Amino acid sequence: MLKLRKCGALLRCCATECTPWSRPTVTGFKLCSLVASQSSLPYSTLQHWGRGDEDFSHRGLTGNETAEGVELSETAQMILRSRLTTVFLPIVYIVVFAVGLPTNAMAIWVFLFRTKKKHPAAIYMANLALSDLLFVIWTPLKIAYHFNSNNWIYGEGLCKVLVGFFYGNMYCSIFFITCISVQRCWAIVHPLSQNRRNNQLAVGVCCAIWVGVWLLTTPLYLYDQTVRVSNLNLYIITCHDVTRPSQNNMASGYFLTMGIVGFVFPAIVCVVAYVLMLKALRETMTDPSITNNRHRAVVLIITVLVMFLVCFTPSNIMLLVHYSPLPTGLENNGYGFYITTLCLASLNSCLDPFVYYFISEEFRDHVKNSLRCRSDRTVKRKKASFNALKFSKKSSTYTSESGNTQSSSC
């Protein structure tokens, strides 16, 4: 036992001579061999014991920091070179850009210039569309980055802006979806209070969300987002995919905080709101005249909740896992899933228009009229003339039927 304590003390002294991000030196391995020869412990156990503090002291560690950059593990190198990151991810971002850009731009146009009666739900939806649009317009840079074998060539400043917009708009979308959920819940649970529409409150909440989220993204600009990978067989500059071990504590604390504040709390609010909505709708399904509409509302509620959880839950869970204190091997094994879930979160930007906007018949009519270059006045005039023509036909039919009835009675 005394010999074992001496070995442990000697190994700890050896470990403290190395910097936290450096690999064990040759001298360290010789010392481990020397200690192993003087004790009954195997060499592999002593070697792992000697570098145990290094393995567990860093959070989200993906490599070893050197003067030239960061040396990645073989697993991380394989992922950065794989078709997953160089082919699949950019294709997904292309779909997000091709679908999300026109649909969200059209949604903003309809909400701003075609919708006459503004209400809180429309205000929240317009801000959600703006958030998704600001997210989508930066995806071409991510597409070029992944197609270029994950090599960032646009500089540190533009990388920070891209990362800031990526996470800022993602959390803005989460908060606006939460506001829409609460607004819908209030409208269903308390239908009589819908006459008291407070647009000023909705505008104030939206402004608070924009300011709050962009203040929360400020730390992303305070540490390096571009990291040079210095391995001999992989010499590239990554953008946000790899974090310097010396800056990992800051990134860890930030994303753990954002994961809880920006996702866990809003997710709980959304789930509670939709449960209350389902409960309220279930109580009114006894009326056969409105059963079909209620069933449609239930399907829509479940669809929205599933889409929210599928798009945002994996990415935020993997953010928490990626920046939590885990062994290096376990973290590297989940690295591919981590960057894939971040891509999955972007799908929400092109799904929102179809779930929140185009599901409304009134919104679809506004889109059709906009595409046909019709104004609201023209549409109302045509509806009025159509209704007048329909009424005149009914009147003439009624008159003729009355005349026939009178003649037959005579």
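Here the Cβ of each residue, glycine as well, is placed from N, Cα and C on the backbone.
Summarising the annotation, TrEMBL assigns disulfide bond to Cys159-Cys239. Long-range Cβ contacts of Cys159 (disulfide bond) within its own chain (separation 6+, distance under 8 Å): Trp152, Gln225, Thr226, Cys239, His240.
Taken from TrEMBL, the feature domain 'G-protein coupled receptors family 1 profile' covers 103-356.
TrEMBL lists 87-112 (among others) with the feature transmembrane segment.
Feature annotation from TrEMBL assigns transmembrane segment to 124-145 (among others).
Taken from TrEMBL, the feature transmembrane segment covers 165-189 (among others). Sequence-remote contacts of a segment are chain residues at least 6 beyond its ends whose Cβ falls under 8 Å from one of its Cβ atoms, and for the transmembrane segment (165-189) they are 120-121, 124-125, 127-128, 131-132, 134-135, 138, 142, 202, 205-206, 209-210, 213-214, 216-217, 220, 258, 262-263, 266, 269-270, 273-274, 276-277, 280-281, 297, 304, 308, 312, 315, 345-346, 348-349, 352, 356.
For the transmembrane segment (201-223), same-chain residues at least 6 beyond its ends with a Cβ under 8 Å from one of its own Cβ atoms are 120, 123-124, 127, 160, 163-164, 167-168, 171-172, 175-176, 179, 183, 244, 247, 250-251, 254, 258, 261-262. Sequence annotations record features per position, and here TrEMBL assigns transmembrane segment to 201-223 (among others).
TrEMBL lists 254-276 (among others) with the feature transmembrane segment.
Using a Cβ-Cβ cut-off under 8 Å and counting only residues 6 or more beyond its ends in the same chain, the transmembrane segment (297-323) has close neighbours at 59-60, 170, 174, 177, 181, 188, 248, 251-252, 255-256, 258-259, 262-264, 267, 270-271, 274, 277-278, 281, 331, 334-335, 337-338, 341-342, 344-345, 347-348, 351, 355-356, 359. Positions annotated as transmembrane segment by TrEMBL: 297-323 (among others).
Only residues 6 or more beyond the boundaries of the transmembrane segment (335-359), in the same chain, are considered here, and those with a CB under 8 A from a CB of the stretch are 62, 75-76, 79, 82, 84-85, 89, 92-93, 95-96, 99-100, 103-104, 106-107, 110, 125, 128-129, 132, 135-136, 139, 169-170, 173, 177, 180, 241, 300, 303-304, 307-308, 310-312, 314-315, 317-319, 321-322, 367. If you look up TrEMBL, you'll see 335-359 (among others) marked as transmembrane segment.
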Residues from the same chain, set at least six apart from the ends of the transmembrane segment (87-112), whose C-beta lies under 8 A from its own:
122, 125-126, 129-130, 132-133, 135-137, 139-140, 142-143, 146-147, 339-340, 343, 346-347, 349-350, 352-354, 357-358, 363, 366-367, 370
Integer average pLDDT (0 to 100) for the domain 'G-protein coupled receptors family 1 profile' (103-356):
83
Provide the three-state secondary structure of Cys239 (disulfide bond) computed with DSSP.
strand
